[in-house]
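Participant: Straight out of TrEMBL:
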DOMAIN    5-43  domain 'Sphingolipid delta4-desaturase N-terminal'
TRANSMEM  43-61  transmembrane segment
TRANSMEM  68-87  transmembrane segment
TRANSMEM  107-124  transmembrane segment
TRANSMEM  187-204  transmembrane segment
TRANSMEM  210-231  transmembrane segment
């Protein structure tokens, strides 16, 4: 099922990530972008509606035949679950209530986490901030695959399996690369999630539980939206570390496809990233970009020069401050 890819290690680079320098240049030329650095209060109502939609779905599937539970888990549950992980991504950047109310964002992230079935929000926040500060940092950025992933998932068939199993690798990888002591908020996140899961099982039974958990796993695995995991930072073109996607699935993903813009301005909510691109078009229009996450997934599997090793990696110097 395909030959072993040529790459046998990550692309080690000895320069800083490009986003900080580009941010300074853009702000010097377009200071009006600073006006976009404010909370998106509409995010609160969108998340509440998404939670209510999933609660309704939990109730509706409880008496369906198993084939329909599986069907709706993939067709609807997976979409809204993956979308909710990206809402949590927005919340991790304090986009719901602003930096002055950081704890409001943490509690709201725990609430948004509930229909996913597995505790995620607080731990994601801790590791995601490292991803922005130390993009590609060896031993710090857990978005970078392990050496085992790069070595083993090196054929077309194995890369396909890797995509299917992505949620498991994202869950296990931090424990292998950069384990951190458990915090009080993570324990609260876990207890709140367990209480919610027990309540769903008690009220509506095993089919509702299956729908919730299967939707989360399927939505983060072999799914069109999951193309963003690979599209964001996998090096399809040598020398380019971050890529944006400008297709229609941004409507379901809080504009996470605007990824160069997001790394340049992580304190601007996803809603406003298209405005960043419009204002500073001379910086973004000529960067490599995608219009189809499905094609990204296909190309990743079928291109024998691309693998989990196709990432830029840095040996960090100086003091490293982690959450």
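A Cβ is built for glycine as well, from the same backbone N, Cα and C atoms used for every other residue.
TrEMBL: automatically predicted annotations, no manual curation.
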Participant: Hey, which bits of the same chain come close to the transmembrane segment (107-124), Cβ under 8 Å, at least six residues off its ends?
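Facilitator: That would be 44, 47, 50-51, 54-55, 58, 80-81, 84-85, 87-89, 91-92, 96-97, 174, 183, 185-186, 188-190, 192-193, 196-197, 209, 212-213, 216.
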Participant: Could you tell me the mean pLDDT the prediction assigns to the domain 'Sphingolipid delta4-desaturase N-terminal' (5-43)?
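Facilitator: Mean pLDDT, the domain 'Sphingolipid delta4-desaturase N-terminal' (5-43): 92.
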Participant: Could you pull out which residues elsewhere in the chain have a CB under 8 Å from any CB of the transmembrane segment (187-204), counting only those six or more residues past its ends?
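Facilitator: Sequence-distant neighbours of the transmembrane segment (187-204): 58-59, 62, 110, 113-114, 117-123, 212.
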Participant: Let's see if you can do this one: DSSP helix, strand and coil counts over the domain 'Sphingolipid delta4-desaturase N-terminal' (5-43), in that order.
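Facilitator: With helix first, then strand, then coil, the domain 'Sphingolipid delta4-desaturase N-terminal' (5-43) has 19 helix, 3 strand, 17 coil.
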